[in-house]
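Visitor: First the structure, which I've put down as structure tokens, then a few questions once you've had a look.
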Amino acid sequence: MNSRPIAPGSALERRRALGSLLGVSPALLAIGLFLLVPILIIAAYSLMQANPYGGVDQVFSSEAYTSLLFERQLDDSLAFTDSYLIIALRSVGIATATTLITLLIGFPVAVWLAMQPIRRRGLLIFLITIPFWANLLIRTYAWILLLRGTGVINNSLLGLGLIQQPLPLLYNDGAVLLGLVYTYAPFVVLPIYATLEKMDMRLLEAAQDLYAGRLRTLRKVVLPIARPGILAGAILTFVPCLGAMIAPELLGGGTKLMLGNLIFRQFSDARNWPFGAALALVLMAAVMLVLMFYAMRTERLRVAREGK
Amino acid sequence: MSALHSLQTAAVSIRSVRKVYGDPQTGPVALKHVDLDIRDNEFFTLLGPSGCGKTTLLRMIAGFEFPSAGEILLYGENIADRPPYERPVNTVFQHYALFPHMSIAENLAFGLESHPMGKRLGKTAITQRVSEMLALVQMERFADRRPSQLSGGQQQRVALARALAPHPKVLLLDEPLSALDLKLRQAMREELKSIQAKTGITFIFVTHDQEEALTMSDRIAVLAEGQVQQVGRPSDIYEQPNNRFVADFIGETNFLPAQVETLADDHALLRITGGQLMRAAGREGLHQGAQVTLSIRPERLQLVAPDSPETTPCTLVEQIYLGTDLQYQVSLADGSHLRVRTPNRAGQNQSFVPGQRLGLQFDRESASVLLD
């Protein structure tokens, strides 16, 4: 190793700086190409005029943003409309419910996984990832086969004589919720498991030794230590749920829209690309604001606790 | 507590405890059959090599494991079936097991707040007890730090304070010094001892380090293969080991074959190879003419000029410089090797060379007869 100090501004130092820049350049390139450029395109589209045959006319217009909250009347005046706001609120509601349910299911599973002997854990983690092997669309169609009026569940219950009429299992909010919980449960299990796996299991013994029963041990030791994993799982569920499209479309019957469906329709049936682009940008901005606010708050807490 | 009371009731009584993992017939046996009485206010050490069952026994007293058979009495009350959080004993864990997400003060308060008594105690009393404990281990300045910001020795003190905070009846210490470096370990020994004296709590200390056991304990139980080999004061264990295992495990020793020459009421005279007579405390089961093994410590042997009276001739094989001591290895006429150790004093012990013929002088009273 070369441990001689390098004079600042020397040729060697500049070469090293260049070297490290080259080293990270693939990452910068990927971020630029796959993140920034698409967002810029979306932003540009949102500020153009809709072409009734799809696509955009390259004329500046802020109409897309105006129509988020206002409806243009026949006399060209603007009137407030809450129809999109309601869709947004319903999306937030369903995403919140999905997140809570997946946490309730995922946390115990993650705890159980972390308690298993190391030899068995590999296999169990592998089993949890199996659903990812099949396309989400196909898996969601499979739910239709299970839930519909002549589906597996209803036919079984009818056959057993437990019910006389098929239950309305499909095409409602419950079915959407089920589909979303099913899709995102692994995203909750894995990060929580990752934090618990690193936890020293002797802490549980220490808590019990210090008179804490199971509930208090869970509340005061396991939950705080699993907190980063729980938050990561919640974000990984909540954010994609807000924009989810497949489950509401297929299992919800497309009658009650969520933001994802609304955006999708602007690019398909409605042929209003600028409005779709504006919706997508606003959704992304809202999510980012919430996450940034949260990140700043945890950082402040950490600084208050640990200094630095 | 009166002296009479402490004589009557042991702090912890282990009665016929057996521990088998898995199948009771074929599973591995951790403890075969253990009977122990640990007195009130005692610094008691469970000493043994790894796998001897000492940690299993400690974990059973704590409540992390349950005996397959037998009773564990805490001041006369059988606690063998109670969960750890219902036992008035606390543990200092080997790797401290401090809660990483809590400050030092919060760690100390945890046991007090969890304890049923804690609700009656109230916040101010808990805060007061926490500062009391921090003062006891001289960690007041670190109350608001996190465990990860402390050194190993500091974490050790916090672990000790945390375990003492809820006023346990018995404190269990699971090899608490093994992760510290030598200097710190020696300092902590004295500190543990003085804290035990100050608090008057019964300490049960698990270690595989015989020096730790000898220097700190009031009494020691030596364990091997799931059984108690010997219980006694450090000097009993060191100077009158029961059997070959104890003699060998505690300190260094020489084993000498000997024959019982005469038996008296309280002692026996034994003749060793080379014809010398040794005197040792009597034991049950000895009879005249029996072949036994003697244990004699290296520091009880002396090297003198050859052909001195009352010596056994020997040849110096090797000399090792240990700093505080000099250690010699000598061979006797029958080919057996013995170790001799003398303090390193100025101007002495320098004059021997390997191969030199010397006389070996035995400290007559310092042998002990081993049972096997």
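Start at 1 and count along the chain as shown; that gives each residue its number.
Including glycine, each Cβ sits where the backbone N, Cα and C put it.
Because TrEMBL annotations are produced automatically, they should be read as predictions rather than curated entries.
Annotation comment: TrEMBL describes A:88-294 as domain 'ABC transmembrane type-1'. For A:21-45, A:84-111, A:123-146, A:175-196, A:229-253, A:273-295, the entry in TrEMBL reads transmembrane segment.
Just tell me what is around each of these and how deep it sits.
Guide: Within its own chain, the transmembrane segment (A:21-45) has Cβ neighbours under 8 Å at 56, 273-274, 277, 280-281, 284, counting only residues six or more beyond its boundaries.
Among residues of the same chain six or more beyond the transmembrane segment (A:123-146), those with a C-beta under 8 A of the stretch's C-beta atoms are 113, 116, 152-153, 170, 175, 178-179, 182-183, 186, 189-190, 193, 246-247, 250-251.
Here the transmembrane segment (A:175-196) has Cβ contacts under 8 Å with residues 94-95, 97-99, 101-103, 105-107, 109-111, 113-114, 125, 128-129, 131-132, 136, 139-140, 143, 147, 169, 222, 225-230, 232-234, 236-237, 240-241, 244, 246-248, 250-252, 256, 258 of the same chain, all six or more residues outside its ends.
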